[in-house]
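Peer 1: Would you mind keeping the following structure in view while I ask a few things?
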Amino acid sequence: MNKYFLAGIISVVTLVLDQVTKIAVREKMVLWTSETVIPGFFNLVHVVNKGAAFGFLNRADITWQRNFFVVVTIIALGAIGMLLKSAEEKDKFQILGLGFVLGGAIGNLIDRILYHQVTDFLDFYYGSHHYPAFNVADIAICLGAFAMIVSFYKNK
């Protein structure tokens, strides 16, 4: 299978899953609310984040972070394109990884452009210790980064 086709399929599926789940959360849940799914472990929440992963730069007193993250994401998309172009057809881990990162990056970019913030809704916790809420795009970016690390060590 052609590397561009494979990465494209992965990124489109990722993007669709990300946007469909975020739309459902925005339409079905009131902002800043929570619904318990697995008591003591997992909630669905409706929160927004103007910053990056784990709430980095998610502050109301600064307004430039949206434009900053839009520019950084566009630069990253260019880098992903260059990495995909240079990837060998047989390096499926790298190609899959780039597809996941591409879809996730575009998913969060759409939120930043349309809503000036990213919708997060997956809340895992133990007791009172909550992991920062995240979304499908974040999962895809992490999976993609992991696949690219595997590719790097596999080809070393």
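Glycine is no exception: its Cβ is also placed from the backbone N, Cα and C atoms.
What Swiss-Prot shows for this protein is this:
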- Asp120: active site (ACT_SITE)
- Asp138: active site (ACT_SITE)
- 37-57: transmembrane segment (TRANSMEM)
- 68-88: transmembrane segment (TRANSMEM)
- 95-115: transmembrane segment (TRANSMEM)
- 133-153: transmembrane segment (TRANSMEM)
Peer 1: Return the residues near Asp138 (active site), defined as same-chain residues 6+ apart in sequence whose C-beta is under 8 angstroms from its C-beta, sorted by sequence, else 'none'.
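Peer 2: Long-range Cβ contacts: Ala53, Gly104, Asn108, Asp120.
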Peer 1: May I ask which of the stretches 37-57, 95-115, 133-153 has the most CB pairs under 8 A with the transmembrane segment (68-88)?
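Peer 2: Comparing 37-57, 95-115, 133-153: 95-115 has the most Cβ pairs near the transmembrane segment (68-88).
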Peer 1: Which sequence positions outside the transmembrane segment (37-57), separated from its termini by at least 6 residues, show Cβ-Cβ distances below 8 Å to it?
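Peer 2: Non-local partners: 25-26, 29-31, 65-66, 68-69, 115-127, 132-134, 138.
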